[in-house]
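Heads up: the structure comes next, in structure tokens.
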Amino acid sequence: MGEERLKKRKGEDKGREDRQSIHSHEPQTMNLQKQANLSLYPFEIAYKNISFYFKVGLISGICMIVGTIIGSGIFVSPKSVLANVEAVGPCLTIWAACGVLATLGALCFAELGTMITKSGGEYPYLMEAFGPIPAFLFSWTSLLVTKPSSFAIICLSFAEYASAPFYPGCDPPQVVLKCLAAAAIVVITIVNSLSVKLGSYLQNFLTAAKMIIVTIIIVSGIVLLAQGKTENFKDSFKDSKISVSSISLAFYNGLWAYDGWNQLNYITEELKNPYRNLPLSIIIGIPLVTVCYVLINISYFTVMTSTELLQSQAVAVTFGDRVLYPASWIVPLFVVFSTIGSANGTCFTAGRLVYVAGREGHMLKVLSYISVKRLTPAPAIIFYGAIAIIYIIPGDIDTLINYFSFAVWIFYGLTVLALIVMRFTRKELRRPIRIPIIIPVIVTLVSILLVLAPIISAPELAYLYCTLFILSGLIVYVLFVHLKFNWPQKISKPITMHLQMLLEVVPEEEVTE
């Protein structure tokens with residue numbers, strides 16, 4: 001039964017590839033990002049709870065944007081954004097500006113997504129504009145930098161809120177946070193390795209919990225404002241700290257909470273009437289998230305001064321203690337559900353990126369093996385969890401967010417630059433959506449500012465490590481993709497044999513034969 005299902009999936013995917021609109025001559029590595037992010041064959045899975053064997057309409061597109069963006073960031077970033085600007089007014093302005101930037105960036109991606117109607121997000125755009133090397137570096141960075149560091153940040157956020165009720169009035173010990181985060185990674189990794197359905201059901205429940213706590217905080221804040229709790233908004237720009245460095249770092253933390261604004265470009269082929277629904281989903285969905293985020297921050301400031309918010313171990317928990325007592329336990333419980341849901345969703349999809357990289361020869365072949373009994377990419381998921389744990393050991397949330405944001409905005413900037421370049425180099429391409437050229441120019445300049453400003457004004461080793469790691473992908477590309485050296489595969493054969501016995505995994509072709 002499982003074998004027939006796998007064969008059927010392969011046939012469907014072949015048909016889908018045959019229907020792609022342009023660039024069918026691209027190298028096979030195109031499948032890396034497409035299949036990794038779409039979670040395609042041979043697994044019965046969906047990306048962010050939407051099955052791509054069905055067309056996604058406008059409402060589903062809006063829900064995907066909102067559900068993907070809202071996660072752990074809004075419960076972690078308010079403190080970090082405020083710490084960089086030190087006043088309520090600039091803090092709320094940064095949150096709104098992050099929403100505007102995310103909307104402009106998503107509109108740039110909308111033009112790219114309707115011009116190059118292939119799923120896979122940044123990969124096909126970079127491939128078309130700049131060639132295979134920048135596209136490979138994007139895949140390399142996603143594989144070993146942005147995806148696992150994102151997983152680590154979310155699990156550290158979970159640890160903060162899970163431990164906060166047990167350490168009232170003080171910060172939990174770092175060893176407790178790191179152990180809890182590592183335990184969360186291990187549990188989520190095991191769940192997703194054992195069962196696709198279990199991971200999917202867990203995601204549905206946790207997504208609902210996330211929306212419940214967001215609604216509770218916003219409604220509570222509106223009620224408090226109606227009662228006249230506005231004293232913390234007087235002289236809201238007084239004593240603010242405004243500099244290029246502080247604003248850039250505040251944007252890093254704010255934009256972390258908005259990450260996911262480009263997710264519809266990973267499913268361009270699956271959208272109903274993408275020329276209409278893609279820009280509409282963006283124009284409705286991201287401003288809706290922006291309003292939610294600004295209202296959540298306003299809710300926090302109705303009961304906390306700037307100093308109190310910065311001193312809070314977990315902002316949402318402090319809010320719950322002051323507003324919802326004696327039912328304040330609801331807030332940390334639902335925030336924990338929300339962060340676990342975000343972490344599970346990240347593992348649910350990003351593990352497939354490792355799987356496809358192994359299958360395409362960009363990672364060890366064993367990472368493309370499939371569990372015979374459970375039809376999950378168990379080695380890939382375990383590898384992904386292990387990399388995330390490595391990030392947890394030396395890092396804290398703020399450092400990892402800066403590390404993640406620095407890497408991700410390099411490629412966001414390159415992708416938007418690709419739009420500008422192709423306005424001149426690929427004039428023959430049809431552009432159903434054509435945004436004013438000033439928008440990609442603004443987003444590109446802001447991306448350059450976000451990448452360079454913290455390095456110049458507040459240099460940290462994390463930025464150097466990230467840059468070196470990205471550039472090391474050039475060596476990997478030359479040796480193992482261009483020259484096709486296969487000695488790592490030979491060296492790993494004993495490990496592969498032991499993993500086959502221990503995890504009961506086999507190459508994909510043995511499952512589908």
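Placed from the backbone N, Cα and C atoms, the Cβ positions cover glycine too.
No curator has checked TrEMBL annotations; they are predicted automatically.
Marked as region 'Disordered' by TrEMBL: 1-26. Here TrEMBL flags 52-75, 87-113, 125-145, 175-196, 208-226, 280-303, 329-355, 375-394, 400-421, 433-456, 462-483 as transmembrane segment.
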Contact between the transmembrane segment (400-421) and the transmembrane segment (87-113) (at least 3 Cβ pairs under 8 Å, separation 6+): yes
Beyond the flanks of the transmembrane segment (462-483) by 6 or more, those residues with Cβ under 8 Å of it: 29, 133, 136-137, 140-141, 144-145, 361-362, 399, 402-403, 406-407, 410, 454-455
Within-chain partners of the transmembrane segment (208-226) [C-beta distance under 8 Å, separation at least 6 from its ends]: 67, 70-71, 74, 292, 295-296, 298-300, 302-303, 316, 319, 323-324, 330-331, 334-335, 337-338, 341-342
Distal contacts, the transmembrane segment (87-113) - CB-CB under 8 A, six or more residues away: 69, 78, 81, 125, 232-233, 236-242, 247, 250-251, 254-255, 257-258, 261-262, 264-265, 268, 274, 278-279, 282-283, 286-287, 289-290, 293-294, 297-298, 301, 306, 412, 415-416, 418-419, 431, 433-435, 439-440, 442-443, 446
